[in-house]
Each structure stands twice: as structure tokens, then as C-alpha cells.
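Record features (TrEMBL):
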DOMAIN    23-288  domain 'NADH:quinone oxidoreductase/Mrp antiporter transmembrane'
TRANSMEM  60-80  transmembrane segment
TRANSMEM  92-115  transmembrane segment
TRANSMEM  151-170  transmembrane segment
TRANSMEM  191-219  transmembrane segment
TRANSMEM  239-262  transmembrane segment
TRANSMEM  274-294  transmembrane segment
DOMAIN    290-341  domain 'NADH dehydrogenase subunit 2 C-terminal'
TRANSMEM  322-347  transmembrane segment
Amino acid sequence: MNPYILSALLMTLGLGTTLTFASSHWMLAWMGLEINTLAILPLMAQHHHPRAVEAATKYFLTQATAAAALLFASTTNAWMTGQWGISELSHPAALVIAVMALALKIGLAPVHSWLPEVLQGLDLNTGLILSTWQKLAPFALLTQLQSPVTSTPLLVMGILSTLIGGWGGLNQTQLRKVLAYSSIAHLGWMALVLQFMPSLTILTLFTYFAMTSSVFLLFKTSYSTTVNQLSLSWTKAPVLAAITPLMLLSLGGLPPLTGFMPKWLIMFEMTKNNLIMITTIAALTALLSLYFYLRLSYAMTLTMPPNNLVTTSSWRFSSCQLAFPLALFSGATLGLLPIMPGVTALLTP
């Protein structure tokens, strides 16, 4: 893609998210979400591959449906109460419809089925944008919809997402689908605690961004999109192959790595709110996610490909393109846990 066109599309993505962040009116927020959707579609279909075109089409239809539902919810609230402000969305039906529309935008269960299929048809760069940046604007709106009416739908969607995100990734051999189900599971943890402590949801979101970015960049560096290709990555980048299992286990929430911090804090907060059963189910579903991360780690470090052909070892390319961002996000993924007491002090009111 032409660098000028790419720069224009990336700036438009930033504009859409910033517009949603800065708006207090539903129409402006809806416009920001639409700008985001229209800006990422050319990035999705830039390779002119049938899978990429299919992914872009599915994404457009899904986001258009969610945007229409969101506009319907805000219009219904304005009709019933006369208010267009985001924080003034008070009609129960409008609240539930708006929460479901935003859940469809980010890929929460049970409206999650588009996310693995869309992510599978994209390259890793666009998949990284879809898994991180595109979730900022909907979450900015979700954190402003604080109401007892939305508590039950968010808890149900949260526990369903952790269960489906863990279960769906078990038999996957495509790394992009594994990361899609990982995204669904992490979004479930965020939805569980959203009504009780929004600041903890934001912390979990940015921790997830750091961990997912490091894994996407690592797969991009090692040219891996399947489990079989991942098992050959030691021939391309031996040092990265050594720390990849740590990144994957951090994404799974295994102590003493960074991914353990948000899960620990979320379980502590939900226990304080007497949600013992939901907390227990969420902790058990985290074991499902941890299993397929362990499976990837096993395939990468403890299996050796057959060496009876000369061409089994991939050529090692030396590229410094992704060195700095990969080092930054890898350090965050592996080493943020020691600052958890300071983070806890900041989150405590």
C-alpha cells in the first residue's frame, strides 16, 4: 500500500477513536465509531485475497449491524427521555440494546462468532490493530453506561466469554484463531468487573494490549501463522523462541508473569462483591485458556521437526524493523508484575 494512503488511514483511525473519546453526545460517538470502521476496511482488503475480502465483508456487516443497533438505542432513549447525552442513557430497553451493540462491536460472547473468522483472514499487522486499537472506542462508551440494569447482562456475557474463549481455542491449529479466542476470554474478564471497578477494567485492557502486541509482533518476526510453523521458529530467531513460551504463559495468566496481575485483582474485587460462584467459574475457565497456551509452548520448545530433509530448517532472516516495539512490549509482558502493589494503591479509592 502507498505510504501516503497508509498514513491517511492510520490518522483516520486515530481521529475516529479520539472523536468517540471526546464526545458526550451519542451522534458524535456514533460518528467516531463509523469513521473507525470505514478506516480499517481498506487495511483489511489491501492484499486482494479472497479470504481478506471475505473478512472485510464480514467485519463491515457486523459493525454496521452494531452501529445501527447503537443508533436505535440512543434514538429510543432520546424519544423516551428527551436526552442525547451518553451519561444520560437511562431507559432500560435502550441501555440493554446499547450494551449488546457495543458487545457485538468488540466481540463478547454470545455475539462473538465473527471475530475468529475475521481475524483468520487478515495479516498480522491488521490483526494487531483489530485486536487492540479497535477496542478502545467501544470500551470508552461501555465504561460510561453504569446502571443496575446492565449489571446482569454484563455478568452473563462475561462468564460466557471466558468459557467460550477458553473452550474455542483448544483444538485450533491457526495462531490467529487462537489469539481471537484469547481476545474473547480476556474481554470476558473485563466485562465481569466493569460494573464494580471501571479503573480495573482499563488496567486489564492495557495489560492485554501489551501482551497481545508482543505475541503478534513475535509471530510477525518469526513468520508464523500455524502451530507447525511456530515449531520451526527456533531456526529463525533462537532468542525470541526462548522467551515466547513466557509471553504465551503471561497471556494465560500464570504467576509470576504480568498476565496474572489483572486476573488476581479481578477475582479479589468480585469476591468482595459476594460473587463467589461466578469468580470460581471464571477461574476454572482460565485453566482452559492456559491449556492451549501450554500446548503452543510445548509445540515450540519441546518438539523437534524431522530432519531427514535439507529444507526443513527455514532460512534465518535478520530484520531490525520490529526490534524496538517487540522489546518494549516483551518487557512489559514479562516484567510488570513487581509494580502491582503500586498499581493496587492507585486503584484503591
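Glycine too: its Cβ is placed from the backbone N, Cα and C atoms.
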Can you tell me which recorded stretch out of 60-80, 92-115, 191-219, 239-262, 274-294 has the most Cβ pairs within less than 8 Å of the transmembrane segment (151-170)? 274-294
Going through 60-80, 92-115, 191-219, 274-294 one by one, which has the most CB pairs that fall under 8 Å from the transmembrane segment (239-262)? 191-219
In the same chain, residues at least 6 away from the ends of the transmembrane segment (92-115) whose Cβ sits under 8 Å of its Cβ atoms read 33, 58-59, 62-63, 65-67, 69-70, 72-74, 76-77, 80, 134-135, 138-139, 141-142, 145, 147, 149-150, 153-154, 157-158, 160-161, 163-165, 180, 183-184, 187-188, 191
